[in-house]
């Protein structure tokens, strides 16, 4: 098995050497910051509970630091890389570091465009886990795209800027709770896993990073379905489970965008454009059991889902 072989992880010297070979100058445009500390990538793999049974998708493998740690754990890895130089070099690096017989493949593509068909075309299994040091400039859009495009992903462990990690895992009522919190919470339970110092990267970013873990809700076991939180379910004839999942997601996301566009406004005012008038917004909010004088930052993802369901049922 792969995890019984001696795979050598990349340290600072190897990272610098690889960068020189590629004449690589990390760019802010692609959000490139490479981890050069073996303990950090092992920490990420451990926090993700990666085992030999996992099919992991890694976004932005870069020079291969995290890829090697995932392979060390025995996982099957499909790496999605947008930079053709890095994508071409990665297989050789893995072989040089002792992972020649590992189950790994590289898909050269923008992560925002990668789809299930790309995995089929490459003969790769659908991912069960997303583990990545996400490009910081597009971390949230990439995260949400992957969760939506790949329902097979039941577990996520990503490294993002610390403030982004805090926002993703923020609870309703906090000053940093917002659109990313609601949208990530639509897919699963979100929690901060760790803080990573900036000195483990090359080049070192200006701020620390955070690890965020998301465990996807099983179908039918979402809190708003009454499966986990003990939340009150809708009557059988009004059940959320009867609504089209894609329409529900889009409505939740649209409502969250509108509610936080001017976060100091009451929900009645903030959602007046979405519903056509302040009165219509108030009626929808009250139908969903939500006080229209509240602000968006007070609503949980579950309440946004209930409001979305009310909205969709009203236009059937």
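From the backbone N, Cα and C atoms, a Cβ is placed for every residue, glycine too.
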Going by Swiss-Prot, 33, 35, 60, 110, 133 bind S-adenosyl-L-methionine; tell me which of 81, 163, 219 is listed for that site too.
81
Measure the Cβ-based neighbour count of residue 110 (S-adenosyl-L-methionine binding site), defined as the other Cβ atoms within 10 Å of its Cβ.
12
Which number gives the other C-beta atoms within 10 angstroms of the C-beta of residue 133 (S-adenosyl-L-methionine binding site), all protein chains shown included?
28
Any idea of the Cα spread of the S-adenosyl-L-methionine site, 33, 35, 60, 81, 110, 133, as a max distance in Å?
21
